[in-house]
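Reading through the structure tokens given below for one structure.
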Ligand code: SAH
């Protein structure tokens, strides 16, 4: 099997120089604590945040309003970005897909999508995934490792830097890339606090969406965080039997318990949840499924996002014909359910979850 240098290095266990921890992993409060512990004034943290997220410099030497000694101290303790762009593909519809290499040679995907309401970035939270959904490319090959908070933050900064060239701004974030965000919970929460902070990237909580396959204990924890983040659940089936066939996580966290957790979330936060429902031809896309789904969601403060299946060569699912997608939508509407059909982005550039990484980095996804 042919391997890239980094993959070869990893598998032979050859000693690698570990990079310094990324400063992007630090919340503003943690940075203040670090400064105080190093004999500095806490207000320097805000200045550093301004350089990192406002001016987006990538070298401590450029932080010219900091004393030289502090700049050197920072440079000996932290790195800034650890992501290297290895592929950048632009689609006809303006979608840009990035493949980034991490310091240890693994690669991750990040996607910039253009909407009429702004620019949205889809970030990755793990290298691979261990949830095992039967339709998903990201889980082929399992989980390699969690991302650090700073590695998630860096994806947004890198995309913002690309947008700086045309004086545009990242206006929203969806945590819907590779990985299960609730399986890397602490890094996720840190990431959310850093990008949301007014001195950080200042992306409003209501412009950030987190999606989970349904790790129930984390749904309760997330409800209690007191953040105004949009929340989505990958539902994909209206009954527990069918959901188990599509998503093995349903064995550990079955649908009735999941719905209980969702009710708690809605009650606690007062916020509406989104249910993602992938339409897999002949599997979960019949009118009887729409009826069952309407029954399941009756009276819930929610919204359903229908996702036409993305074809994954390793998987057998086929697309639902368009007229049937519309019929499914109509059936839900008839019951008063809020429903939309997901617009597709970057169809010509493998923009669906895990596809680019799977293609470019075969050895990682086997
Ligand atoms: N792990 C999280 C984040 C991924 S979000 C989660 O499961 O929610 C990406 C969304 O795309 C999820 O709803 C996921 O179930 C869905 N998805 C994955 N593979 C797909 C495919 N081949 N076709 C359509 N949707 C898919």
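Cβ atoms here come from the backbone N, Cα and C positions, even for glycine.
TrEMBL has this to say about the protein:
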- 109: active site, proton acceptor (ACT_SITE)
- 115-348: domain 'Radical SAM core' (DOMAIN)
- 129, 133, 136: [4Fe-4S] cluster binding site (BINDING)
- 179, 180, 211, 234, 235, 236, 310: S-adenosyl-L-methionine binding site (BINDING)
- 353: active site, S-methylcysteine intermediate (ACT_SITE)
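Feature map: annotations from TrEMBL on the structure.
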| residue | record | Cβ neighbours (10 Å) |
| --- | --- | --- |
| 109 | active site, proton acceptor | 27 |
| 129 | [4Fe-4S] cluster binding site | 26 |
| 136 | [4Fe-4S] cluster binding site | 23 |
| 179 | S-adenosyl-L-methionine binding site | 30 |
| 180 | S-adenosyl-L-methionine binding site | 26 |
| 211 | S-adenosyl-L-methionine binding site | 20 |
| 234 | S-adenosyl-L-methionine binding site | 25 |
| 235 | S-adenosyl-L-methionine binding site | 28 |
| 236 | S-adenosyl-L-methionine binding site | 25 |
| 310 | S-adenosyl-L-methionine binding site | 20 |
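Every protein chain shown contributes to the tally, and the Cβ of residue 133 ([4Fe-4S] cluster binding site) ends up with 21 other Cβ atoms within 10 Å. The distance from the Cα of residue 129 ([4Fe-4S] cluster binding site) to the Cα of residue 234 (S-adenosyl-L-methionine binding site) comes to 15 Å. Contact annotation for recorded positions (109, 211, 235) versus ligand 1: 211, each with CB under 6 Å from a ligand atom. When Cα-Cα distances from residue 310 (S-adenosyl-L-methionine binding site) are compared across the recorded positions 109, 133, 136, the shortest belongs to 136.
Residue 234 (S-adenosyl-L-methionine binding site) carries a strand DSSP state (E or B). Residue 136 ([4Fe-4S] cluster binding site) and residue 179 (S-adenosyl-L-methionine binding site) have their C-alpha atoms 10 Å apart, to the nearest angstrom.
Mapped onto three states, the DSSP output places residue 211 (S-adenosyl-L-methionine binding site) in strand. In the three-state DSSP reading, residue 109 (active site, proton acceptor) counts as strand. Geometry remark: residue 236 (S-adenosyl-L-methionine binding site) versus residue 133 ([4Fe-4S] cluster binding site), CA distance 10 Å. Spacing of residue 235 (S-adenosyl-L-methionine binding site) relative to residue 109 (active site, proton acceptor) is 23 Å (Cα to Cα, whole number).
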